[in-house]
Ligand code: PHE
């Protein structure tokens with residue numbers, strides 16, 4: 001997808017490494033992958049749209065008159081659970097990529113992942129707190145297994161990184177992501193929020209089921225390379241992993257067994273360690289890569305350059321991912337649910353970002369193209385600085401309707417629509433070039449793991465907000481939103497001011 005938003009796709013060739021059949025100039029295997037990811041995102045974002053509203057439903061912080069039957073949680077707990085869940089999904093893309101590389105191969109991993117996600121949503125469809133947490137964990141594991149491997153499979157359809165259709169292929173794939181993300185809150189959100197939460201979750205499961213069927217039907221068109229395990233785990237390695245896994249499992253079982261037995265157990269015992277792990281793991285992974293003795297000097301310098309992008313991205317995702325938490329509770333409780341005389345459920349706001357992505361991606365792409373014709377296309381560093389500015393500006397604006405509704409009034413939906421628009425412009429400045437710069441700055445040794453490293457920036461950002469919520473900091477207060485806006489703008493200014501230094505670290509990468 002990377003430079004797909006910056007370049008046009010040249011005339012397609014009529015061949016494909018995956019069997020030769022093409023559709024609209026692209027290998028036909030792109031169709032089932034497109035549909036699988038579309039349905040996966042449909043289930044993911046549909047459930048995510050319901051998540052916080054469901055957690056607080058029936059409790060002290062629920063909107064008066066809204067559907068009960070939720071988990072009655074206070075808002076800070078709901079926001080903490082949301083952050084931890086989303087962080088886990090992206091943290092697990094690393095082991096997911098590893099399993100694709102070393103155990104099952106991408107194709108088998110995606111098929112299993114889709115099944116796991118479907119089961120997770122079905123478990124969520126069973127009422128009750130235990131099934132809720134079990135379902136959430138299962139969905140996170142499945143999504144982690146799927147996300148990196150399906151992108152790898154899209155890459156396999158093309159003749160290596162030089163294939164002129166590759167960027168176009170990733171753009172089409174990104175449309176699939178956003179189509180699924182757009183429709184799901186409208187369907188799952190409406191049914192869950194207006195009729196029955198669990199029916200909403202069941203529809204998410206059905207969506208993933210359809211995705212799995214598309215995937216299984218389409219396997220004949222996928223690249224044979226997708227079934228290969230590139231670097232299989234040796235028996236000795238497998239035994240070491242099993243041993244390590246069992247030891248950790250035993251330690252956790254004893255530790256939590258003792259806590260439960262002593263009557264001390266509450267949710268924080270689970271959320272704190274996960275959140276802290278979600279902050280420590282990204283730092284450790286980056287430091288380990290940077291300190292690896294096998295890297296050449298240039299590779300090491302490039303990793304130092306990458307750390308700048310990584311930290312900026314973490315701050316970006318920290319704000320961006322609050323779409324389904326802070327912004328979702330604001331939509332539910334402090335925003336009017338009618339626009340031009342039409343009334344709608346608050347979960348529909350979750351469709352706004354993907355709608356803006358589809359509307360604005362071609363606009364941004366043509367702006368970059370027009371600028372590049374004049375040799376003035378901003379560099380990756382400048383695009384990152386712009387993204388930070390936009391995401392900061394979005395939260396600075398968000399402070400206004402928050403202050404306006406503090407006495408119980410309702411803000412116009414236009415506020416959220418505009419805030420999402422500004423965030424999406426930021427996303428389109430950062431997300432595509434971020435993926436691209438990640439792969440370009442990756443040391444050879446870590447090439448296949450770098451996609452997972454990029455997603456760790458999302459984990460770090462989400463765990464930061466998770467930790468705040470766990471400490472009872474009210475994320476949905478104007479003060480916090482204002483502080484985060486300042487953080488993002490300061491990070492943007494830092495990237496801008498030090499852009500020459502970052503560019504020097506990047507070597508030949510632009
Ligand atoms: N919305 C896109 C997706 O779900 C991009 C994105 C990735 C957004 C990761 C946030 C975090 O794939």
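Yeah, the Cβs are placed from backbone N, Cα and C, and that goes for glycine too.
All annotation found in TrEMBL is predicted automatically rather than curated by experts.
What TrEMBL records for 1-20 is region 'Disordered'.
Residues or ranges marked as transmembrane segment by TrEMBL: 79-98 (among others).
Residues or ranges marked as transmembrane segment by TrEMBL: 110-126 (among others).
Residues or ranges marked as transmembrane segment in TrEMBL: 171-191 (among others). Cβ atoms under 8 Å from those of the transmembrane segment (171-191) belong to residues 1, 4-5, 9, 26, 30, 33-35, 37-47, 49-50, 151, 154, 199-201, 203-204, 207, 345, 347-351, 353-355, 357-358, 361 of the same chain, restricted to positions at least 6 beyond its ends.
Counting only same-chain residues 6+ beyond the ends of the transmembrane segment (197-217), those with a CB under 8 A from a CB of the stretch are 32-33, 35-40, 42-44, 46-47, 50, 54, 57, 67, 69-70, 110-111, 114-115, 117-122, 124-127, 135, 180, 184, 187-189, 191. Marked as transmembrane segment by TrEMBL: 197-217 (among others).
Feature annotation from TrEMBL assigns transmembrane segment to 246-263 (among others). Long-range contacts of the transmembrane segment (246-263) within the same chain: residues 269, each at least 6 residues beyond the stretch ends and with a Cβ under 8 Å from a Cβ of the stretch.
Same-chain residues lying 6 or more positions outside the transmembrane segment (269-289) and placing a CB less than 8 Å from one of its CB atoms are 80-81, 83-84, 87-88, 91, 94, 256, 259, 295, 303, 306-307, 310, 314, 443, 446, 453, 456-457, 459-460, 462-464, 466-467, 470. Summarising the annotation, TrEMBL assigns transmembrane segment to 269-289 (among others).
Residues 282, 286, 289-290, 295, 380, 384, 387-388, 391-392, 394-395, 423, 426-427, 430, 434, 437-438, 441, 443, 453-454, 456-458, 460-462, 464-465, 484-485, 487-488, 491-492, 495, 498, 502-503, 505-507, 509 of the same chain, all 6+ positions outside the transmembrane segment (301-320), place their C-beta atoms under 8 angstroms from a C-beta of that stretch. According to TrEMBL, the transmembrane segment annotation covers 301-320 (among others).
Summarising the annotation, TrEMBL assigns transmembrane segment to 355-372 (among others).
Taken from TrEMBL, the feature transmembrane segment applies to 384-403 (among others).
The transmembrane segment annotation in TrEMBL covers 415-439 (among others).
For 451-471 (among others), the entry in TrEMBL reads transmembrane segment.
Residues or ranges marked as transmembrane segment in TrEMBL: 477-498 (among others). When Cβ-Cβ distances below 8 Å are used as the criterion, the transmembrane segment (477-498) is approached by residues 308, 311-312, 315-316, 318-319, 326, 381-382, 384-389, 391-396, 398-399, 402-403, 406, 468 of the same chain, each at least six residues removed from its ends.
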Excluding the flanking five residues on each side, which residues at least 6 beyond the ends of the transmembrane segment (451-471) place their CB within less than 8 Å of a CB in that stretch?
76-77, 79-80, 83-84, 86-88, 90-91, 93-94, 96-98, 147-148, 151-152, 268, 271-272, 275-276, 278-279, 281-283, 285-286, 289, 310, 313-322, 325, 434-435, 438-439, 442, 480
Mind checking which residues of the chain, 6+ beyond the ends of the transmembrane segment (384-403), have their Cβ under 8 Å from one of its Cβ atoms?
309, 312-313, 315-316, 319-320, 327, 330, 334-335, 378, 411-412, 415-416, 418-420, 422-423, 425-427, 429-430, 433-434, 476-478, 481-482, 484-489, 491-493, 495-496, 499
Would you confirm whether the transmembrane segment (355-372) and the transmembrane segment (415-439) meet the contact rule of 3 or more C-beta pairs below 8 angstroms, pairs 6 or more apart in sequence?
yes
Beyond the flanks of the transmembrane segment (415-439) by at least 6 residues, Cβ under 8 Å:
1-6, 306, 309, 313, 316, 319-320, 323, 327, 330-331, 335, 349, 352-353, 356-357, 360-361, 364, 380, 383-384, 386-391, 393-395, 397-398, 400-401, 447, 450-451, 453-454, 457, 506, 509
